[in-house]
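Undergrad: Handing you this structure, nothing more for now.
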Amino acid sequence: MGNNTSRRSQSQKFKNIPSISAGSFSTMPVQHRGRRRRSKSIVGRAAQNAVLRSKEKTWIVPLILLTLLVGWYFVNPNGYIKYGIFLSYPIPGTNPAQYGKGRLDIAFCLFYALFFTFCREFIMQEIIARIGRHFNIRAPAKLRRFEEQAYTCLYFTVMGSWGLYVMKQTPMWFFNTDAFWEEYPHFYHVGSFKAFYLIEAAYWIQQALVLILQLEKPRKDFKELVVHHIITLLLIGLSYYFHFTWIGLAVFITMDTSDIWLALSKCLNYVNTVIVYPIFVIFVFVWIYMRHYLNFKIMWAVWGTMRTINSFDLDWAAEQYKCWISRDVTLILLTALQLVNIYWLILILRIGYRAFTTNDTHDERSEDEDEEVSDEKSSAKKND
């Protein structure tokens, strides 16, 4: 009993680690069955049960929508649905296949935003939740947080690895920033590059919708999270338009790889294991190297070598956007993103200092979870 208490108090020191990802649809409050007025008809009860089921299993509605869209594609393979499922603008005669850019890419992003909504909810509720219960995470609020962070860790592990693979196929490996401009403008990309970029965009669109609809209880750093998501979406959209996708790939990798260790640290914290200490140290070093050192290197390339390597002028007809306007816009957004990351780094270092030097386990973000647990208990008592 004493060992469990000690281990719990040790790991709870890391509860305040900031979270970069938004919540999930499963964090929406589900109205208790007993509080609903029961319909007397069989059809009414069936409809009522279906609604309740869809709120408890929040992956059902996205799955139905995906099934309908894919089914419609098989009915009409040449319809607009194909632009959501497959990459658009293939360049004939290219090997490996190259793809251009255009407005139809928005359909691809929206379809996979819906796909991620299903995947996220299904994996969290049907797989990760069982893992959490195996590690004795019983409080519903903490279990939901564990599900979110475990899914985030899984997603960024896949995407971070994919991003590094894509970068390895280009001259900018490993963060050779001069390559940003040597072959600019980048009108076309191989399928793996374009798919990676648009799927990342789809993920952040889905995350933004969760925040906009406020499908989870806002945390203490909600405003910073909103600013982070706005900057991220602006960088994705403008980099795609300006043909700065090589810069975007580099930034994606720095963010994704650091988020792996961030989410892993939070997962281990919920599991209550001392392994969280070395993982947290690794996380801090990866965060500083990826989100600060490498991003400052990217920012320097935008400020400096962008002007000195190849032409530096605006030509709308040739879609040559490497000029002072795009430079300043990109630099402002990267600087804003860096300021948010510095703010989070300060929080992270403060948490680490308290965890390793004191017994102070107080943090503001944990109060959110405690309030959720308290609310759930109060609600349960009222329904009894």
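The backbone N, Cα and C atoms fix where each Cβ goes, glycine too.
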Undergrad: Answer with yes or no whether Swiss-Prot records K57 and F222 within the same membrane-side topological domain.
TA: yes
Undergrad: Candidates are S11, S366; I want to know which one Swiss-Prot annotates as phosphoserine.
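TA: Going through S11, S366 one by one, Swiss-Prot flags S366 as phosphoserine.
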Undergrad: Would you say the transmembrane segment (329-349) and the transmembrane segment (104-124) are in contact under the rule of three or more C-beta pairs closer than 8 Å, pairs 6 or more apart in sequence?
TA: no
